[in-house]
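Take a look at the structure below.
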Amino acid sequence: MKIAILSRNPRLYSTRRLVEAGEQLGHEVDVIDTMHCYMDITSSNPSVRYDGKPLPKYDAVIPRIGASVTFYGTAVVRQFEMMGTYSINESVAISRSRDKLRSLQLMSRKGLGLPKTGFAHHPDKIGDLLKNVGGAPVVIKLLEGTQGIGVVLAESNKTAESIIEAFMGLKANILVQEYIKEAGGADIRCLVVGGKVIAAMKRQGAEGEFRSNLHRGGTASLIRLSPEERRTAVEAAKVMGLNMCGVDILRSNNGPLIMEVNSSPGLEGIESATGKDVASMIIKHIEKTAFLSSTKTKGKG
């Protein structure tokens, strides 16, 4: 097979591992900088152009699109879909998962476990917003934040009100969520591929840090999932329409609660923690599905 990885940096661990795994399994793998692609939209023969010429026909693409370039990145993926190329994650599913609010609304509609969550832009009654999620301590998030940036823990209602007022001054959209104390600053990252959890790790926040992101000094270790946690992760991926994703879950007194679904999960932490060759599992899934044309929304929306 001929596979393209859409990535802005071929030296990133996840990109390198996917190239290695693809080549070891006998495939031709190219890394293409998403932002350097440009497209011929209106011709009867749609194409993606790169470095002054049309890209060759690929059997599959693996989008590794950063949050900051979601709009352009998904446009490139959509163009590949219009050309009949299989994408492990479709453009519409990536866009859906990048909208944190829409993701939460979709998962809530399906009855999946979520922390109590409020959404606001310029609330006229901040106290009522806090009361609706159970009061302090609360976690306040910028809707557009990634990797733990723009996430604040407010220990008291007074602190929470001050933070929300500051975000209001920035004209920002914010999420306010109940703080799950029993999680102890840890979460679980489940890697779902093809409707199955293929690997899982526990991420523990650094001392005194409630955010468990590895980018923020958190540590990763192997973990055994409960059947309910496994089901929750698989269902979250299904609701988002993602064939490959990282589902972040908190262990709470009310069962597993979903924090986020990531359409471009990093591989370094989970391969190190589990010892699994996750990259090869992803390529093998593509081998099984690329020619089935089983994607439901190809080239639409």
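For all residues, glycine too, the Cβ spot is worked out from N, Cα and C.
The Cβ of Asp187 (ATP binding site) has 23 neighbouring Cβ atoms from other residues within 10 Å, across all protein chains displayed. Under the DSSP three-state reduction, Asp187 (ATP binding site) is assigned to strand. Swiss-Prot lists Lys141, Glu178, Tyr179, Asp187, Arg211, Ser212, Asn213 with the feature ATP binding site.
If you take the C-beta of Glu260 (Mn(2+) 1 binding site) and look for same-chain residues 6 or more apart in sequence within under 8 angstroms, you find Lys100, Ser103, Val247, Asp248. The secondary structure of Glu260 (Mn(2+) 1 binding site), as reduced to three states from DSSP, is extended strand. Per Swiss-Prot, the feature Mn(2+) 1 binding site maps to Asp248, Glu260.
The Mg(2+) 1 binding site feature in Swiss-Prot is assigned to Asp248, Glu260; the stated evidence is sequence analysis.
In sequence order, Ser97, Cys245, Gly246, Val247, Asp248 are the residues near Asn262 (Mg(2+) 2 binding site), counting only same-chain partners six or more apart with C-beta under 8 A. Here Swiss-Prot flags Glu260, Asn262 as Mg(2+) 2 binding site, drawing on sequence analysis.
Among the features that Swiss-Prot reports, Mn(2+) 2 binding site is placed at Glu260, Asn262, with the record citing sequence analysis.
Under the heading domain 'ATP-grasp', Swiss-Prot lists 104-287, citing sequence analysis as support.
Mean model confidence for the domain 'ATP-grasp' (104-287) is a pLDDT of 92.
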